[in-house]
Amino acid sequence: MAGGAGWAGAPAALLRSVRRLREVFEVCGRDPDGFLRVERVAALGLRFGQGEEVEKLVKCLDPNDLGRINFKDFCRGVFAMKGCEELLKDVLSVESAGTLPCSPDIPDCVEQGSDFSGSTDGEQLPREPDFFQEDEEEAMTLALPEGPQELDMDSPMESSQGPEGSVKGCGEEKEPELGGLFLPEDKCLVLTPSVTTSDLSTHSTASLISNEEQFEDYGEGDDVDCAPSSPCPDDETRTNVYSDLGSSVSSSAGQTPRKMRHAYNSELLDVYCSQCCKKINLLNDLEARLKNLKANSPNRKISSTAFGRQLMHNSNFSSSNGSTEDLFRDSIDSCDNDITEKVSFLEKKVTELENDSLTSGGLKSKLKQENMQLVHRVHELEEMVKDQETTAEQALEEEARRHREVYCKLEREKSTELELLNTRVQQLEEENTDLRTTVARLKSQTEKLDEERQRMSDRLEDTSLRLKDEMDLYKRMMDKLRQNRLEFQKEREATQELIEDLRRELEHLQMYKLDCERPGRGRSSSGLGEFNARAREVELEHEVKRLKQENHKLRDQNDDLNGQILSLSLYEAKNLFATQTKAQSLAAEIDTASRDELMEALKEQEEINFRLRQYMDKIILAILDHNPSILEIKH
């Protein structure tokens, strides 16, 4: 019922919009089978728009990519692009719930002309996407709840429609209207079947028909359409209407205003066939009667006698109009039985509706009680949620505080550690600076030591050369000493020979002396010669002794020199070999040794060089003292 009130003013504007869309659909050039080709729509769209816009348009009109578009999909796509797809869904849902097939015995069930005058109800077609908003607001304003009014029993036709009648009327009017608009032209409209055979031209006469005839017609139609056992698609709507009849609470959420109902009638005259219009009028009369029944006795059951008296009174009142009095008087007698049956049937219906109302009232009270329990439960749950939120907030605050404390502690530890690391980094930087300075100094010292080592190597080479020269000189001296020995041996042999000669000469002189002593004069001269010979012999003996001593001294000196040369040669050879080994490992020592070790090695090398100088000086002095001729350079 709320859905009917939500778009109570929409079908008139919706009808005009759909008719205009029908004109556009026809202009676009549909095929004889009632479908519009997608290629045709794309070709027309490219004349007035861009490629992307045309693609979006085709996607909206043909979402399933079928290649063809019927009028229903065409309308749905246009409504979707305008932002009114929800309204179209509501209309289609009502259409699917209340549409009935067209009765086959109605030959004039065709769609009327599509020419529509905009001055029918004074409304203009809005051009914005929300073009039903004003009608909906007007319908909601006019559909406010109204209390039961004191109406005259003799004028039931003038009573306003109730919520049940408005819902039913809207459903009966909108469903065939929207169903017929979306069908092709070669198919009949989807209309509610009716058993009346009067044409639209007899509308003025039908308005004067008595309430009994109208009720009789409704009864015949109700036997076909609204029987409880009839599988009518509108049973749900009728059930809601009947359930609201017995309710003491007046609801007019689905009430259709008389202005809008007049607009519906004026609009639908161009669409519905005459029989459908007749059926709608009868339904409106039934709605008026039910509203009157509800207004006069909302909470009690109406007896059949009272209801028959009311109908008779209304019939007598309406039969006093003009030339139709005789016609109605004849029809009353023939329809008493039918009216009684219909009244009984309606009484049963009202009883059922009252029972349904009581049941719904009990259900409402039960639902209210359950709702109250649920409200209390919701309140309890809300309190529990609040308690849980409070507990969670406290726990969160406690956890946040603990995390803040831990974070502060970690920050302090981090700051302390950073300070220590910064201090350590500064110390390492200072040590690195000192080491760089030390490395530079050591490099300079290493370069100096390399230069000193080079000088020492040069001096060692010079000393080696000098030693080699000394060895050569020593060999020459040994050769010369050997020659001196040979010469001394020769001289000694010569001296021995000389001594032998002198001895023989001495013996000869002694013999000559003896010979000379024998004569007298010759004796004195021989004595002088003997004396001279003896003196010469003594001198020679002294010379021999001296030569022997010198020879002995020379031998001792030679032996001493040989021993000294041999010992010095061995010692010097050892020192030279040790120095050469140290010189060879000097580079490795420089690479691996420390500064103190390098200084000690340098001092040792200098001491070795000093000793070598002393040794060479001693050898030279010894040679100069004993045999300076050795140092003479002979060419």
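In case you wondered, yes, glycine gets a Cβ from its N, Cα and C as well.
Here is what Swiss-Prot records for this protein:
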type: DOMAIN; residues: 49-84; note: domain 'EF-hand'
type: BINDING; residues: ASP62, ASN64, ARG68, ASP73; note: Ca(2+) binding site
type: REGION; residues: 147-176; note: region 'Disordered'
type: REGION; residues: 216-258; note: region 'Disordered'
type: COMPBIAS; residues: 216-225; note: compositional bias 'Acidic residues'
type: COILED; residues: 279-615; note: coiled coil
type: DOMAIN; residues: 572-634; note: domain 'FIP-RBD'
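Positions of the features from Swiss-Prot, shown on the structure.
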{"residue": "ASP62", "record": "Ca(2+) binding site", "DSSP class": "coil"}
{"residue": "ARG68", "record": "Ca(2+) binding site", "DSSP class": "strand"}
{"residue": "ASP73", "record": "Ca(2+) binding site", "DSSP class": "helix"}
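Same-chain residues with CB within 8 A of the center of the ASP62, ASN64, ARG68, ASP73 CB atoms, the Ca(2+) site residues themselves not counted, are VAL38, LEU61, PRO63, ASP65, LEU66, GLY67, ILE69, ASN70. Close to ASP73 (Ca(2+) binding site) in the fold, though at least 6 residues off in sequence, lie LEU61, ASP62, PRO63, each with a CB less than 8 Å from its CB. Note on the domain 'EF-hand' (49-84): mean pLDDT across this stretch is 79.
Neighbour count (other Cβ atoms within 10 Å of the Cβ, all protein chains): 6 for ASN64 (Ca(2+) binding site). In sequence order, ASP31, PHE35, LEU36, ARG37, VAL38, ASP62 are the residues near ARG68 (Ca(2+) binding site), counting only same-chain partners six or more apart with C-beta under 8 A.
Other Cβ atoms within 10 Å of the Cβ of ASP62 (Ca(2+) binding site) number 21 in total over all chains.
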